Amino acid sequence: MDMEAENHTGVWEFILLGLLDDPQLQPLIFGLFLSMYLVIILGNLLIILAVSSDPHLHTPMYFFLSNLSFVEVCLTSTTVPKILVNMQTLSKDISYRGCLTQVYFLMIFAGMDNFLLTVMAFDHFVAICHPLNYTDIMNPWLCVLLVLLSWLIMFWVSLLHILLLKQLTFSSGTAVPHLFCELSQLLKATSSDTLFSIILLYVVTALLGVFPATGILYSYSQIVSSY
């Protein structure tokens, strides 16, 4: 039984240590989290509804904005509902599969945030610096292709990290010092050799951070220089 508890296939749950231990403060924090969650969800759903229902907003800029709103809804819903449940039940547990699921979708949606912001910056660059060719460059096919490529990249990158994470060994009841499961925290909590996973994490994080940041900076530098 002890051997099974040490193997990654025998882990039943993780313990999230980011929650407050004071029961008197839990209702206040719960109300704050719930209010913020509802504002984010309703605000982004209104944007999606407005863009989809108004033909005048069927433009590349609003297409990307509605996709960004959808990603924000998904990103927030990946973690906050579980946090609210744990606060309400005064529990700190999250299942092994639930934890890996959180990590997987967090990586996808966080990466999509970066890519969509980059694509929106490129859209602004084309609209301002090449207004006569804007409709030809930012045609519907290109807009859809850019979004699909972003999804595909993040799908495979996140899947690779999860497959590596499933090979690591955790003790049953491993403590995670966070409100939700995060890849970097799980790599610190495992008893396995994580050198390759850490190197891969840093490389992928650098690439997924550098390329979008470079694209955004270049786009807006060209916009500023055009005035």
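Glycine is treated like the rest: Cβ placed from N, Cα and C.
As recorded in TrEMBL, the features of this protein are as follows:
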type	residues	note
TRANSMEM	28-51	transmembrane segment
DOMAIN	43-227	domain 'G-protein coupled receptors family 1 profile'
TRANSMEM	63-84	transmembrane segment
TRANSMEM	104-129	transmembrane segment
TRANSMEM	141-164	transmembrane segment
TRANSMEM	195-220	transmembrane segment
Which of 28-51, 104-129, 141-164, 195-220 contacts the transmembrane segment (63-84) most, counting Cβ pairs under 8 Å: 28-51
Rounded mean pLDDT for the residues that make up the domain 'G-protein coupled receptors family 1 profile' (43-227): 88
Spatial neighbours of the transmembrane segment (195-220) far in sequence, C-beta under 8 Å, 6+ residues away: 111, 114-115, 117-118, 121-122, 124-125, 157, 160-161, 164-165, 168, 183-184, 187
